[in-house]
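What TrEMBL records for 23-47, 59-78, 98-120, 141-164, 204-225, 237-258, 270-289 is transmembrane segment. The domain 'G-protein coupled receptors family 1 profile' feature in TrEMBL is assigned to 41-287.
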Amino acid sequence: MEIRNSTVVTEFILLGLTQSPDIQLLVFVLILIFYLIILPGNFLIIFTIRSDPGLSAPLYFFLGNLAFLDASYSFIVAPRMLADFFSEKKVISYRGCITQLFFLHFLGAGEMFLLVVMAFDRYIAICRPLHYSTVMNPRACYALLLALWFGGFVHSIIQVALILRLPFCGRNQLDNFFCDIPQIIKLACTDIFMVELLMVFNSGLLTLLCFLGLLVSYAIILCHVHRSSSEGKSKALSTCTTHIIIIFLMFGPAIFIYTRPFRALPADKVVSFFHTVIFPLMNPVIYTLRNQEVKSSMRRLLSRYVVC
């Protein structure tokens, strides 16, 4: 997509998460620990699911894709943030900022739609078990996966298109540690009221509707599980509880950031930090720790390689 000639600003200065050296050091160590421990764990989840024929059910297929999305998402912000801790002037080019914005919303929306697909999978498995193998066949799973990637792309390209139409001709300081919509549009040298409305509609309203839809879906599933007397009741409750935890971790910060007018609040940076750096790495791990089949498969896989 071509960048408009009215754009004079060629780079943005990131003010960072904090100006305190002590807090910067603490955050640097925290991110590094997460990267060295949890990120390899995400790749281990993907490898385990791919290599174990016993984990071929749609639930594990989507869990593997969640781990891939979250691992990819964590590379958008965190590596640059780590590098910026050693830079006095944190600068990102205009094109680099737009690229970061695109992938942030592309993968973020893709994960949001994936959680919707996983809720649909659990609904069919628990409430319509006799139809599960017919509805959630491999072809349908790949079609749903393609649809969620396409949905993420459309969502993100709309965001980028709206940003590219804005002229930037003066201020270039972003009060954040990465490029995101609320901070970027404030720097435009034009009236941004309509753009703000469109951004809130495309990001905030979409996020809120998906969140409410997921809560209703899991409420229906849990009511069905509560009335059931089957032996798989505890497993269904454990799986659904895990999904609900991830939904709140994913959607809570996103709703806080994108469903209100873009006015800065003191908590914005902290919420964004957990939303873009910490939670994405934790999501698949939380799933795995509560899933006995995946844990058993990982133990077998690790013991096989340790023995070798």
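Here the Cβ of each residue, glycine as well, is placed from N, Cα and C on the backbone.
Counting Cβ pairs under 8 Å that are 6 or more residues apart, the transmembrane segment (98-120) and the transmembrane segment (237-258) reach 3 or more and are in contact.
If you count C-beta pairs under 8 angstroms between the transmembrane segment (23-47) and each of 59-78, 141-164, 204-225, 237-258, the highest count goes to 59-78. If one looks beyond the transmembrane segment (237-258) by at least 6 residues along the same chain, the residues whose Cβ comes under 8 Å of a Cβ in the stretch are 59, 108, 111-112, 115, 118-119, 122, 126, 180-182, 199-200, 203-204, 207-208, 210-211, 214-215, 218, 221-222, 225, 267-268, 271-272, 274-275, 279, 282-283, 286-287, 290-291. With a cut-off of 8 Å between Cβ atoms, the residues of this chain six or more beyond the transmembrane segment (204-225) that come close are 109, 112-113, 115-116, 119-120, 122-123, 126-127, 155, 233, 236-237, 240, 243-244, 247, 251, 254-255, 258-260. Residues 31, 35, 39, 42-43, 45-46, 49-50, 100, 103-104, 107-108, 110-111, 114-115, 117-118, 121-122, 125, 141, 145, 177-178, 239, 276-277, 280-281, 283-284, 287-288, 291, 293-294 of the same chain lie 6 or more positions beyond the ends of the transmembrane segment (59-78) yet place their CB under 8 Å from a CB of it.
Across the domain 'G-protein coupled receptors family 1 profile' (41-287), mean pLDDT in this model comes to 88.
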